Amino acid sequence: MGLSLSPLALIVLLACLTALHQCNGNPFRRNNPFRHHHHPRFAKHNYRDALTKSIMFFEGQRSGRLPSNQRITWRRDSGLSDGAAMHVDLVGGYYDAGDNVKFGFPMAFTTTMLSWSVIEFGGLMKGELQNAKQAIRWATDYLLKATAHPDTIYVQVGDAKQDHSCWERPEDMDTPRSVFKIDKNSPGSDVAGETAAALAAASLVFRRSDPTYSKLLARRAIRVFQFADKYRGPYSNGLKKVVCPFYCSYSGYQDELLWGAAWLHRATRNPTYLNYIQVNGQILGAAEFDNTFGWDNKHVGARILLSKAFLVQRLKSLHDYKGHADNFICSLIPGAPFSSAQYTPGGLLFKMSDSNMQYVTSTSFLLLTYAKYLTSAHQVVNCGGTRVTPKRLRTIAKKQVDYLLGDNPLKMSYMVGYGPRYPQRIHHRGSSLPSVANHPAKIQCSTGFNFMKSQSPNPNILVGAVIGGPDQKDRFPDQRSDYEQSEPATYINAPLVGALTYLAHSFGQL
């Protein structure tokens, strides 16, 4: 029987076919690694607002002379004579967490992760791209000062033990601003390798917008990596009394050498680094089964980063890194063979009680980044016969970020200033003490503890700060003294910037 259509039905059919052709005939959609991820459902969260705040947080952590466009206005200049003890200029950079010490190891990792967030997702950031770049540059300007002398890196400003025995605003600091360094006689391949990674990654961020600065960062990264590789040893050996137990290098320095080489390979395209990775990868622990990614252990990050070279650039010699990256992914998938990750009853990835949220944000970032690489290469993850698609990785990452933003048993956002309910008593000196504007007189070292012990909410809102988070049973007491759960840190926020950008974009908020 022949098919007869009314003129109206024909018009409707033609319109549908034209629309279909336009959708499928757009070359951007075909080659765009972000295609097909637009979640049609209405987003429960304002990821764009969370993104803005996650970047703004870094302004609250600034050390040095603050610029006129400073948005967290309860902060003032601090640490203006940093480095004077060793006759070097070490003004600037970031306080890592709720104290007033500048620790170079986590600062460099923060810089690498902020840079990676921009490298992968900066094209989607719209108006936030400038703010993200400024956050990176505040760190790289400091890292350039810290690496100005060949074969020397200044890795810490401030005596952590004395700093921790005071509760005072950075603007009032009167504890010793001692300066600590690594050099040929007291090496630190871990902090040097991470610093090289940070400078190399940042050089990619500024390649188009500031080529001169980008070249300076790349040249310095090369020099710092040579130093890291030539004089090998963990920085905790020579500086044990200073950096332990705060930022002791527990995982050794091999991961940072592999990570630094991977970033230099990506930034310079120099075959020397590819050769270095091929020759040294196994010795440096490329195939180890650890599945923790944070300021201390970079193995997993290096695997994901190097898998891109195989998946997208088709570098066959790095084939093994796809397998190593897959092993990490399989360890996270609930119910998959080889799954080893622990989750709270409410569904939060749980690694450890101290500052657990850093693993949530770094893992979410890696899941979204690996999903992007897999999509570009039309590949999936194989977990012992179980096919895991990029879409599944995105779903897991989104669930983690949503928990952080308030989809949890306590209905609490773990980002300060986001949502109707968030932590009020974070473990952070500047946030918990009256601001200089409201209390111009100096608050002495021990007097500050009266504020620390008080049950009142913090007077200054550290917008965008993500704190350590709930315990393994989803409980959160919101106590200032509980630094494990209530302290923010730059390296918790840095990878979240990339994850929030992706989610804001995929829900049409950017």
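Going from the start of the chain as shown, residues are counted 1 onward.
Quick reminder: no glycine exception, Cβ is built from N, Cα and C everywhere.
Positions annotated as signal peptide by TrEMBL: 1-25.
The annotation domain 'Glycoside hydrolase family 9' is assigned in TrEMBL to 47-500.
Less than 8 angstroms from the CB of His427 (active site) sit Gly98, Ile467, Arg480, Ser481, Asp482, Tyr483, Ser486, Glu487, Pro488, each of them six or more residues away in the same chain. The feature active site is assigned by TrEMBL to His427 (among others).
For Asp478 (active site), applying a Cβ distance below 8 Å and a minimum sequence separation of six or more within one chain yields Pro423, Gln424, Arg425, Ser486. Per TrEMBL, active site is recorded for Asp478 (among others).
Taken from TrEMBL, the feature active site covers Glu487 (among others). For Glu487 (active site), the count of additional Cβ atoms within 10 Å of its Cβ stands at 21 [all protein chains shown].
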